[in-house]
């Protein structure tokens, strides 16, 4: 078994070190000496109010210690990773808040056997000492369609119970009232998770295995098996499957999602999901719920209860009336609770109309001899870039994120769409300006900005004339703009190496009577040679300059792409001169 790498000092001390680190950075939290217990630093302010204690195994951060603060938890008791906390520590936490003058203590426990047993035993011992203690067990799992004897597992919805109980305690509610209210809230809530990969406890290997094309639906926060495995599909389908399962009438643990229902939505990162994916899932959840006529009163998106580095997400739905929303909205100082907007998600405008563009001079586009020629050249450029996509991506993977070919292909497809939908401007300056705007909008990345700069600057010398000498001047102007704003120079292993080599040859067009095609042939050959020579260069600009090796073995993808574009232009012109 291969043990996963973890940034820890030692496996046995990882839970203690993690809790100590949170306390070290948060003056509002303190440790209870001799125990893996964190408490509010202002414990005197709990006097006369109900104290709220929660906890469980470590590895679910920011749960549970991240929810300590005014308006949420008074303290937490942490176990080792994925392990219930010790009875002695739970009892010590109860004693600490009781001696601070609390008006009773509520234990908020996720429904796992070890947690129920250890917190329950501590409760009985504390009651024997005269403490007023009660316990609420939260089971919000909506994975299993048939009720199991063990009940529903406690998942991310427990965080909402922390919030509701904390607001009630801060408002001075009695222990009995808090128990009644949070029990009702827990019964109107469901959570379902999905995972793309397992997690691994420090010192161990992965908790389970998933094929590359599989995901696990309905798993627990310790890597316990879910209800089924399914093949990877788009995020919209995954989210719909999750919500269908959570709300199915045949599901004994369903959430009653009737049209018109008002819910609090939690989109919870299980630890290793990228924030990009989290946003995709959040958007899909909002659309899917609103399509069902469900009103999303509040939405929380982030990491609330994780499973170490598991790449997955859970959705929690809490049916909420205005009274419950008031408790969700109540202020708290807990560091892990988000700065939540106190307005509904559903029913608001989400798009601002784009500002009107400045006045432009629209020119008629007469049918001229230049348009078919230009169209053929542009089509040749597009087909060349699309054909080079994989090769450019491969070259880019040596020095960056491997998307150079995809970026150029995106530009090619945008130009093709434009060619198929619009007449071409006959004036070269207008053509280049239009291409610049198109690439700046559609291409993206630094390449889009650089090509946009080049084309915008190159359009200026072509405003009054379009002879070969003006085209040579246009290339010079475009290169200067790229150098001015991009910061690169010839020899830095960028597209400028190809462009500058071509520009040297194109200067011959400024001589009277210069023949375009022979000069362009030499320019393309020089550009291609310069692109090939970049594999022997030390990167001085761009992403490749951050690579630790002094030299890279492959040519620069940007230089290769620029040379290929020039070659496509040449071939497009040659095909029309035969």
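Each residue's number is its place along the chain shown, starting with 1.
Note: Cβ is positioned from N, Cα and C throughout, glycine not excepted.
Some features that TrEMBL has for this protein:
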type: DOMAIN; residues: 10-337; note: domain 'DhaK'
type: BINDING; residues: 57, 58, 59, 60, 110, 115; note: substrate binding site
type: ACT_SITE; residues: 222; note: active site, tele-hemiaminal-histidine intermediate
type: DOMAIN; residues: 372-571; note: domain 'DhaL'
Item to check | Chain-mates of 57, 58, 59, 60, 110, 115 with C-beta within 8 Å of site centroid, substrate | outcome: 55, 56, 63, 64, 78, 79, 81, 82, 83, 84, 221, 222
Next on the checklist: For a quick check of packing: other C-beta atoms within 10 Å of the C-beta of residue 60 (substrate binding site), how many?
Outcome noted: 29
Checklist entry - Just going by other Cβ atoms within 10 Å, which of the binding-site residues 57, 59 has the emptiest spot? => result 57
Checklist entry - In this predicted model, what is the average pLDDT of the domain 'DhaK' (10-337)? => result 96
Checklist entry - How big is the Cα-to-Cα gap, in Å, between residue 110 (substrate binding site) and residue 222 (active site, tele-hemiaminal-histidine intermediate)? => result 12
Next on the checklist: Give me the long-range Cβ neighbours of the residue listed as 'active site, tele-hemiaminal-histidine intermediate': same chain, 6+ apart, Cβ under 8 Å, in sequence order.
Outcome noted: 57, 59, 82, 207, 307
Next on the checklist: Are there any residues at least 6 positions away along the chain from residue 115 (substrate binding site) with a Cβ closer than 8 Å to its Cβ? List them or say none.
Outcome noted: 55, 56, 84, 85, 109, 154
